[in-house]
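TrEMBL annotations:
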DOMAIN    146-393  domain 'Phosphofructokinase'
BINDING   G153, R216, G217, G241, D242, G243, T244  ATP binding site
BINDING   D242  Mg(2+) binding site
SITE      G243  site 'Important for substrate specificity'
BINDING   T270, I271, D272, M315, G316, R317, E371, Y467, M468, I469, R470  substrate binding site
ACT_SITE  D272  active site, proton acceptor
Amino acid sequence: MELSLSNSSSFRFRRYDFVPRLHSFSRLGSFHTFSSNKSISVRRPLIWRQPRLLRIKAQTAIDGNSSDDFIIEDVPHLTYFLPDLPSYTNPLKRSQAYAIVKKTFVNPEDMVAKEIIVQKDSPRGIHFRRAGPREKVFFTPEEVRACIVTCGGLCPGINTVIREIVCGLKNMYGVDDVLGIQGGYSGFYSKNTLNLTTKVVNDIHKRGGTFLQTSRGGHDTKKIVDNIQDRGINQVYIIGGDGTQKGAAAIYKEVEKRGIKVAVAGIPKTIDNDIAVIDKSFGFDTAVEEAQRAINAAHVEAESVENGVGIVKLMGRYSGFIAMLATLGNRDVDCCLIPESPFYLEGPGGLYEYVEQQLKENRHVLIVLAEGAGQEYVAQSMQAFQEKDASGNRLLLDVGLWLTQHIKDHFTNVRKMTINMKYIGSIGDYDCINIDMAPEISLHRTFTIQKQRYYEILAVTNENPTYMIRAIPSNASDNIYCTLLAQSAVHGAMAGFTGFTVGPVNSRHAYIPINRVTETTNTVNITGRMWARLLASTNQPSFVHHCQTVREKVDKQTIDAINNMQINSI
């Protein structure tokens, strides 16, 4: 549907006008104060039940031709399918804490820009609705029965989010009835629940893991929504990663289809920081900080022996953000290997050459490795098959052990050098090792692939940074961040928004359509400035020259520029 309005010189958004007879505006936002000669087009999506895409295009004749696009990717509201829903005055208006705030409520016209680096004549681009308390809410404290569920892998800060949702509902809105769904999505229909009060959750932020327990998979949309209806739940807070948020979107669609008053709010979670749109995922800062312990230990071990080679494997299935930021924050790392930048071992500019160079210059070398790096090499050498977990994630082979083996074999058998290997990493999904590989220790091993896990017969200790960094409590920075996420989700649900996820966009918290954070994965840009900073810091090979996979990711202009400089590292 295309609607043209031509009238005034300025325009601004007004709060949702949910008058049923004004459907063309009620579901897209209403406008007033028009003057001058600006042409404004408002386009509805063909299917109005999907998250709204509000596109406003203002055209002003300047030198004959100029245009400015302002796009809002909006989130659904309960009144989209319950148009007669009553609203109420927000209890925060009477809150002693918020009485000191000059502007208690977020202006309904406030939007958060997806891109803040723009040129003079560039379009204004995509915007999201700013998160925060609204003047009107669509729930009374007495009618709210909320529930919280955590799904997927662990991450520092989950317990803080749980705590702050409970405390936010109680302390800001007077809600007393909050349920905790135990064991992930399957907990909805297995009747595993806890009654959550501020007293129950008072100190859970000091613990790692999740107070409510978690699981992968187990999502049955109809069973879950049946259970939500049976229990009289009308606010659902879902904490989890990509697959979990897709499940949240499915729950919202089923709720809308049934026409029931249930607000569905997602809080995105992944320790890998690979969620699209938002600035950063919670727990990531804690993970990077904790990774320093393992890196520092490996550095001490490597520099304390002759020709010491330290290898530390960190989390990062598809995205190498933890490894990259941990390397930049540490400054002792000589080489960082991530999934986005495939590496090669032999030949000019290869890893073997670089390790030998570092050993000659510094008598030790320290390598940080993301768990998803080099998987194609490991699979080939082990003739392994692709397995997936219950969430659909590819199960990873241990690239750390593979790389340790190959470096050891190359320098012992080919270069005839004595080296001391120090590896801190993991075996499979749950076991952990700290290998001290002295030259006299035989490295012949037996690998077995069985029940989605593989084991290496070797020494096992309790140190495993790959999983250690996700099982600890969040640090102060992440605690603050988790509080903002939880409170933003509570404000959104109380204000009647649904089918949304929340997160910071350019340092301002916003309500984002769930599909926007699940349609793609955030990865390290190997032609961007941050990766260039890492290459400059470590002086490691860029692997651009001889690795075809990397060359395919780098544009020809960049490759030509590097070749003209005749260098093998940046």
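Cβ atoms here come from the backbone N, Cα and C positions, even for glycine.
Just so you know, TrEMBL annotations are computer predictions that nobody has curated.
Between the CA atoms of G217 (ATP binding site) and D272 (substrate binding site) there is a gap of 19 Å. G243 (ATP binding site) and E371 (substrate binding site) are 20 Å apart (CA-CA, integer value). The binding-site residues recorded for this entry are G316, M468, R470, and the Cα of R470 lies nearest to that of G153 (ATP binding site). The sparsest Cβ neighbourhood within 10 Å, among the listed binding-site residues (G153, G217, G241, G243, G316), is found at G217.
The full span of the recorded ATP binding residues, G153, R216, G217, G241, D242, G243, T244, taken as their largest Cα to Cα distance, is 12 Å. Considering only the binding-site residues D242, E371, the Cβ with the fewest other Cβ atoms within 10 Å is that of D242. Taken together, the residues in the domain 'Phosphofructokinase' (146-393) have a mean pLDDT of 91 on the 0 to 100 scale. Contacts of D272 (substrate binding site) defined by a Cβ separation under 8 A and a same-chain sequence distance of 6+ are given as S281, F284, M315, G316, R317, Y318, S319, F321, I322, in order along the sequence. On the backbone, the CA of R470 (substrate binding site) and the CA of G241 (ATP binding site) stand 14 Å apart. Shown are the binding-site residues R216, R470; of these, the residue with the fewest other Cβ atoms within 10 Å is R216. If you measure from the Cα atom of T244 (ATP binding site) to that of M468 (substrate binding site), you get 23 Å. In this structure the alpha carbons, written CA, of G241 (ATP binding site) and M468 (substrate binding site) are 19 Å apart.
Close to T270 (substrate binding site) in the fold, though at least 6 residues off in sequence, lie G152, G153, C155, G241, D242, S281, each with a CB less than 8 Å from its CB. Taking the C-alpha positions, the distance from G243 (ATP binding site) to M468 (substrate binding site) comes to 23 Å.
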